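S.K.: Below are the structure tokens for one structure; questions will follow.
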Amino acid sequence: MRAVMGININATARSLLLSEFVSAFFLAMRYFFQPKPTLNYPFEKGPISPRFRGEHALRRYPNGEERCIACKLCEAVCPAQAITIEAGPRRNDGTRRTVRYDIDMVKCIYCGLCQEACPVDAIVEGPNFEFATETREELFYDKAKLLANGDRWEREIAKAIELDAPYR
């Protein structure tokens, strides 16, 4: 670093020649002519992790019977108290099924504890993140809506559970 009469010559030369400006300009031009890394969201969708927590769904067994055994573990573990379950009477074989299974999606914090607590993988958070509504009442999911979501997203949900299996 050379200084003449208290003036740093290197810093003065850089500021007079605008070297930072020129290097920034060339850097910007290099990125200007490359393909853009951003996505055109509504038309292009990015990759979703197998652990993504989106819209809730109730799954069925391959024979069509619903998986939920009305153990109410998901209701007990929900920190937001967004899940309400009513169990039906015991059947002849000793099993139970739900009569009512409601999730208030406005209360839900999408923590995934309900999915972790479920012993039969009945309640899952699926890959759907586009479920905006016009009214709050539409975000109150009943059993029929949850089962419809499960039927709609079963292929993607099963694939995500399979990919996540080594980490469970």
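Glycine is no exception: its Cβ is also placed from the backbone N, Cα and C atoms.
Pulled these features from Swiss-Prot for this protein:
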- 58-88: domain '4Fe-4S ferredoxin-type 1' (DOMAIN)
- Cys68, Cys71, Cys74, Cys118: [4Fe-4S] cluster 1 binding site (BINDING)
- Cys78, Cys108, Cys111, Cys114: [4Fe-4S] cluster 2 binding site (BINDING)
- 99-128: domain '4Fe-4S ferredoxin-type 2' (DOMAIN)
S.K.: Using an 8 Å cut-off from the Cβ centroid of Cys68, Cys71, Cys74, Cys118, can you name the remaining same-chain residues around the [4Fe-4S] cluster 1 site, in sequence order?
M.R.: Ile69, Ala70, Lys72, Leu73, Glu75, Ile85, Cys114, Ala117, Pro119, Val120, Ala122, Ile123
S.K.: Around the recorded [4Fe-4S] cluster 2 site, report the further residues of that chain (criterion: Cβ within 8 Å of the mean position of the Cβ atoms of Cys78, Cys108, Cys111, Cys114; site residues excluded), sequence-ordered.
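M.R.: Filtered neighbour residues, in order: Cys74, Val77, Pro79, Ala80, Ala82, Ile83, Ile109, Tyr110, Gly112, Leu113.
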S.K.: Residue counts in helix (H, G, I), strand (E, B) and coil for the domain '4Fe-4S ferredoxin-type 1' (58-88), per DSSP?
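M.R.: Secondary-structure breakdown of the domain '4Fe-4S ferredoxin-type 1' (58-88): 5 helix, 8 strand, 18 coil.
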S.K.: Can you tell which of the binding-site residues Cys68, Cys71, Cys74, Cys118 lies nearest to Cys108 ([4Fe-4S] cluster 2 binding site) in space, using Cα positions?
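M.R.: Ranked by Cα distance from Cys108 ([4Fe-4S] cluster 2 binding site), first place goes to Cys74.
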S.K.: Looking at the binding-site residues Cys111, Cys114, Cys118, which one has the fewest other Cβ atoms within 10 Å of its own Cβ?
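M.R.: Each of the binding-site residues Cys111, Cys114, Cys118 was scored by Cβ atoms within 10 Å; lowest is Cys111.
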S.K.: Given the binding-site residues Cys68, Cys71, Cys74, Cys78, Cys108, which one's Cβ is surrounded by the fewest other Cβ atoms within 10 Å?
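M.R.: Among the binding-site residues Cys68, Cys71, Cys74, Cys78, Cys108, the lowest count of other Cβ atoms within 10 Å belongs to Cys71.
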S.K.: C-alpha of Cys114 ([4Fe-4S] cluster 2 binding site) to C-alpha of Cys74 ([4Fe-4S] cluster 1 binding site): distance in Å?
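M.R.: So the Cα of Cys74 ([4Fe-4S] cluster 1 binding site) lies 4 Å away from that of Cys114 ([4Fe-4S] cluster 2 binding site).
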S.K.: Using C-alpha positions only, work out which of the binding-site residues Cys68, Cys71, Cys74, Cys118 is nearest to Cys111 ([4Fe-4S] cluster 2 binding site).
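M.R.: Checked the binding-site residues Cys68, Cys71, Cys74, Cys118; minimum Cα distance to Cys111 ([4Fe-4S] cluster 2 binding site) goes to Cys74.
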S.K.: Using only C-alpha positions, which one of Cys68, Cys71, Cys118 is spatially nearest Cys78 ([4Fe-4S] cluster 2 binding site)? These are the binding-site residues in the record.
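M.R.: Out of the listed candidates, the nearest Cα belongs to Cys118.
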S.K.: Take the domain '4Fe-4S ferredoxin-type 2' (99-128) and average the pLDDT across it for me.
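M.R.: Value for the domain '4Fe-4S ferredoxin-type 2' (99-128), mean pLDDT as a whole number: 96.
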S.K.: Would you list the DSSP helix, strand and coil counts for the residues of the domain '4Fe-4S ferredoxin-type 2' (99-128)?
M.R.: 5 helix, 9 strand, 16 coil
